[in-house]
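Features of the protein shown, as given by TrEMBL:
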- A:6-23: transmembrane segment (TRANSMEM)
- A:35-55: transmembrane segment (TRANSMEM)
- A:61-79: transmembrane segment (TRANSMEM)
- A:100-124: transmembrane segment (TRANSMEM)
- A:219-240: transmembrane segment (TRANSMEM)
- A:252-282: transmembrane segment (TRANSMEM)
- A:294-321: transmembrane segment (TRANSMEM)
Amino acid sequence: MKRSTRIMLSIMLIIIVYIFVFFAEKYMDPFIKRILNTGFIYVILAVSLNLINGFTGQFSLGHAGFMAIGAYTSALLYMSPESKLSNFFMEPLISPLDKIHIPFFWALLIGGLMSALMGFIVGAPSLRVRGDYLAIVTYGFSEIIRSLFNNLQNITNGPLGLKGLPTYTNLWWTVSWAIVTIIVIRRIVDSSYGRALKAIRDDEVAAENLGINLFKHKVLAFVVGAFFAGIAGGLLGSLLMTIDPNSFSILFTYQIITIILLGGLGNITGSVIVAIGFAFLMEALRFVEMPMKIFGITIPGILGMRMLIFSILLMITILFFRQGLFGQREFTWEGFFRLFTKRKVSQ
Amino acid sequence: MDWSLFLQHMVNAISLGFVFGLVAVGYALVYGVVKLVNFAHGDVFMMAAYFMFYTSLIFGAPWLSAVILGIVLTSLLGVGIEKVAYKPLRKYPRINSLVSSIGMSFLLQNFAVVVFGGIQRSFPVPEPMKKTIVLGEVRIQAVSIYTIIFSIIVVLILTFILQKTKTGLAMRILSRDFDTARLMGINVNRTISFTFALGSGLAAVSAVFWALRYPQIFPFMGQYPGSRAFIAAVVGGIGSLKGALIGGFVLGLLTVLIPAMFPEYSGYREAFIFLLLVLVLIFKPNGLFGQEVGEKA
């Protein structure tokens, strides 16, 4: 298949997605829309973490920290000065943040860039520590961010968090950013950078001996991954309308890791499908916590059951689906058409 | 700060340091032998507290027997967790076991929420532990003294097991090389099970002292001491028992002295402690007191 054909097909797919978004925004139930928005935010998070963990093999536990930076930076930029004033009653917000009010898009972008800067800082030590030690370092960074946000009362409003965030996030935003994330990361992965990243994942010493600049590539993965995590954080803040430091705990990172493990490390298609499925599953599992009536007998809802089932699913994935549900099978147009034509395609 | 206040802070720091150290020792033991960053250690610790709580509640058992039963049950739990969550992944990259331990930690917490309920319960503290000894102007809780004495005894027993017994020797060989150990005729599975039994038993012992100090138990109580153990073990030199104890001690000092000396920065205590962790890992990956163990990959 020619490259131009593939691009045309991809553009058509994107147009179809936007037609769907157009009708979904108009007619869809707000509850389903909310789940879809969450799902697409998970897509951004999972694909970006997959670049660091799956393609580069740098096991990072810092995604929640990157999200927090993006969420707070953008919220402080797009919230109106009046709404900020009503939030900060313990200590006033420092100047000039209290007067700034910029459009959502630019606020998101700056949030992403701040997060990317943090990605650079976190990525730098990845040269010195490896494997599970890097996991601990990134976990440490994420906890430091949370601790700072809990205490910088005059910037983040401390543990009280920010409330009454304007809801800009809708499917147009989340779908567009998800598409941008997928395209950018797919482009990186398919380029010579991507081959270098995979070489680092497979054998760091050999990669270095081949002349691959370890620092440059590892930091690239962290910076790009953190940028999109920051964007996702900004989108999530505006979707939930409230943020506080403790909602960006390590638990959130675990959820994203679950998604990429289920989808397959280093598999973008898997991450996308599982991320949306995950958003629906987490909602569906809410029913187990509600009281049920079966044959006239009322079974009381058990609190915490949802997370217990989730953690059992996580363990099953880790133990039995080590390649994820999709393994290394990526979505390609050739593969897509092969589903319909029974002809044998020569490799 | 006057002299007696300083002494009081030091006493608090030392006793807290020993509690952290004791949790860290169990964690470092497992790490040393199996090279597993066991995120679930804190949650095994939490389960131990619940075992003791329920055995003393259900059987109305005397306090000491509830504790012993709790330690035994926790050891069994530790062995079970290893069999289910870590053994199948042993021949895969270490990152798989790391993720598995995260999942296990999560599973235990949520299991506890569902089975034991999410509310806080108060842990029964026997009378002799509630006493406070007053020396001049310094007040020392009886629990602190017991903690220090028992920590030292526990570490001595552990050192004896590791240095003088056959199983201890097997554990030390295992910490170097699994394959060679197998060639030497060491039963790897049994030794690892023993290591987990020992490590979880230690978690249970530290849970006793923790729960006596802070007599509130709840499903997420393991997170804080768990992360402390992990930092203490890394700071002290991961895999080294003495290092873990010293690391715990350093953490105890920081936890007590930062708010005491710089009250305006007390909120940043967590950030300081995690910063210490990150800096140690970056500049001295073998810990402050650990020996060179080669590439950390």
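Cβ coordinates come from backbone N, Cα and C, glycine included.
Between the transmembrane segment (A:219-240) and the transmembrane segment (A:61-79), the number of CB pairs under 8 angstroms, six or more residues apart, is three or more, so the stretches are in contact.
Counting Cβ pairs under 8 Å to the transmembrane segment (A:35-55), the top-ranked stretch among A:6-23, A:61-79, A:252-282 is A:252-282. Under 8 Å from some Cβ of the transmembrane segment (A:6-23) lie the Cβ atoms of residues 171-172, 175, 179, 333, all in the same chain and six or more residues away from its ends.
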